[in-house]
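Report on one structure; see the data block that follows.
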Amino acid sequence: MAGADGDDSLYPIAVLIDELRNEDVQLRLNSIKKLSTIALALGVERTRTELLPFLTDTIYDEDEVLLALAEQLGNFTMLVGGPEYVHCLLPPLESLATVEETVVRDKAVESLRKISQEHSPVDLEVHFEPLVKRLASGDWFTSRTSACGLFSVCYPRVSSTVKAEIRQHFRTLCSDDTPMVRRAAASKLGEFAKVLELEYVKSDIISLFTALASDEQDSVRLLAVEACVSIATLLPQEDLETLVMPTLRQAAEDKSWRVRYMVADKFSELQKAVGPEITKNDLVPAFQNLLKDCEAEVRAAAANKVKEFCENLPEDNREQIIMTHILPCVKELVSDTNQHVKSALASVIMGLSTILGKDNTIEHLLPLFLAQLKDECPEVRLNIISNLDCVNEVIGIRQLSQSLLPAIVELAEDAKWRVRLAIIEYMPLLAGQLGVEFFDEKLNTLCMAWLIDHVYAIREAATCNLMKLVEKFGAEWAQNTIVPKVLGMANDPNYLHRMTTLFCINALSEACGQEITTKQMLPVVLKMSNDQVANVRFNVAKSLQKIGPVLDSNALQTEVKPVLEKLASDSDMDVKYFAQEAISFLALA
């Protein structure tokens, strides 16, 4: 490398080596990110013979540099000469798959999985499979955890003797002394099961699954629950009861809440995988227990699945199962001590009304909805209001309207601005369901009050909300109820409120149409061009630009143009700028 000065073609690699040895991490990182450019400059031959060995030797660096390297190498196939030479990328990636930092190892494994697809079956056996074996029998747990992610990609394309070896290695790792390795094996168990032949799923995978699901570490047991979904979908129905269900029952009653949480979290997927019969006999009681669990996290995860679980029950006795087994548990959860549990339930409980029909909803669910609308936690009330459309389809919203109002008003004035923001976003939906008379009588004042909220995000959302309401109720309604109130704010002593008038006019002009805009809104905007506050004046220019296309050319020439020309010679530079922008946009120059 010393003679690099004399040979121009060596210059790129010389720069790379200098930068890779630089003390500044950022420089080393930049040079790694330019690897593909350097490889192109070197050509495939020298990339294989010089660049890759160099990279393999220098793998002792900051984690972020190694992470970038692991990612780059996954896209290097063409730069080393295409699929027939792809095996040259294995040595540096093998080293990266054994480093201490998990993120780097994961990225190296991801790149290895990617390039495994580009190996021919022969290369896979000659080069890739020995690498997996070396990693699987490495001294450090880091290499053994990486190996777990590689079995499933090479298994389908190798000969039966090699397949037997791979299965043996996987078995060994499932009973490794180190919990991290067993965890990695458990997390890949489902994926590996999918590529195995059915006889080996029964003979090998089930015993591994049973062992991992009763591991002493709860972090291993909970990953076995995830694998259970994949395994259950692979097995014929008659084998499920004997091979999978005993382990699943045990997991649903595990002493660690994390494992029970995982069962609750995967419940809908498990339900689909095991089919209606087992669901009826086994999963319904298990689900009841999870809904009554002593840990709030488990109850919340189960509560989240109530609607999905009920939807997926066999139709012939769905209603009977829900009414006798699920609903009593749900009733208890409505008054749970933990707000996350109540909130999770509130986000799905409305969905039960479409499953149970009108009579059951009125008799059994309506009291629960009303109780939740009065809950002390704003998230619970909000989740009920945001899912009202389900109930509206079944029983109409009138049944709820008397209780809805106090809940909406409270949320609309909640101290947390994010809660106020969320309720504004549901206003158009509520308005459509409640109808224009109810809205005008009860909610219109709220919508106007939001326009002068002290948080800008609320004022902005309230403006947008008005536009959606006008689209729903029509221009005539706007002219009678909204426009006069909005225009009245133009004389407010607070300049922020005067600006809100302009923002509302911008939003409403299109929905209200030419006549209302020209006769009612335009005079107010033009009058505000004499405002004392520069922010208001330049927003007048922006508003004129926005409503210009709605106006006719006569109004533009006789009314808008003189005002914009006056603003274009304003003493404030921002006012000038936006006035000139508007003049050129509306072609008034």
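The backbone N, Cα and C atoms fix where each Cβ goes, and this holds for glycine too.
Unlike curated records, TrEMBL annotations are generated automatically.
Annotation source TrEMBL lists repeat 'HEAT' at 12-50 (among others).
Looking only at the repeat 'HEAT' (89-127), the predicted model's pLDDT averages out at 81. Sequence annotations record features per position, and here TrEMBL assigns repeat 'HEAT' to 89-127 (among others).
The feature domain 'Phosphatase 2A Regulatory Subunit A helical' is assigned by TrEMBL to 89-270.
Per TrEMBL, the feature repeat 'HEAT' maps to 166-204 (among others). Note on the repeat 'HEAT' (166-204): residues 129, 132-133, 136-137, 141, 144-149, 151-152, 154-156, 158, 211-212, 215, 217, 219-220, 223-224, 226-231, 234-235, 239, 243 of its chain, located 6 or more positions outside it, place their CB under 8 angstroms from a CB of the stretch.
A Cβ distance under 8 Å defines the sequence-distant neighbours of the repeat 'HEAT' (205-243), meaning residues of its chain 6+ beyond its ends; these are 170-171, 174-175, 179, 182-183, 185-187, 189-194, 196, 198, 250-251, 254, 256, 258-259, 261-263, 266, 269-270, 273-275, 277-278. Look at TrEMBL and you will find 205-243 (among others) tagged as repeat 'HEAT'.
Per TrEMBL, the feature repeat 'HEAT' maps to 244-282 (among others). The DSSP breakdown of the repeat 'HEAT' (244-282) into helical (H, G, I), extended (E, B) and coil residues amounts to 33 helix, 0 strand, 6 coil.
The DSSP breakdown of the repeat 'HEAT' (283-320), given as helix, strand and coil counts, is 30 helix, 0 strand, 8 coil. TrEMBL lists 283-320 (among others) with the feature repeat 'HEAT'.
Taken from TrEMBL, the feature repeat 'HEAT' applies to 326-364 (among others). Across the range of the repeat 'HEAT' (326-364), the DSSP-based residue counts are 33 helix, 0 strand, 6 coil.
What TrEMBL records for 365-403 (among others) is repeat 'HEAT'.
Summarising the annotation, TrEMBL assigns repeat 'HEAT' to 404-442 (among others). Residue counts for the repeat 'HEAT' (404-442) under DSSP (helix as H, G, I; strand as E, B; rest coil) come to 34 helix, 0 strand, 5 coil.
Taken residue by residue, the repeat 'HEAT' (482-520) breaks down under DSSP into 35 helix, 0 strand, 4 coil. The repeat 'HEAT' annotation in TrEMBL covers 482-520 (among others).
Sequence-distant contacts of the repeat 'HEAT' (521-559) (same chain, at least 6 residues past either end, Cβ-Cβ under 8 Å): 483, 487, 490, 495, 498-499, 501-503, 505-506, 508-510, 512-514, 566-567, 570, 572, 574-575, 577-579, 581-582, 585-586, 588. Annotation comment: TrEMBL describes 521-559 (among others) as repeat 'HEAT'.
Here TrEMBL flags 560-589 (among others) as repeat 'HEAT'.
Applying DSSP to the repeat 'HEAT' (205-243) sorts its residues as follows: 33 helix, 0 strand, 6 coil. Sequence-distant neighbours of the repeat 'HEAT' (404-442) (same chain, 6+ residues past either end, Cβ-Cβ under 8 Å): 373-374, 378-379, 381-382, 384-386, 388-389, 392, 397, 449-450, 453, 455, 457-458, 461-462, 465, 468-469, 472-473, 477, 481. DSSP states for the repeat 'HEAT' (89-127), grouped as helix (H, G, I), strand (E, B) and coil, give 30 helix, 0 strand, 9 coil.
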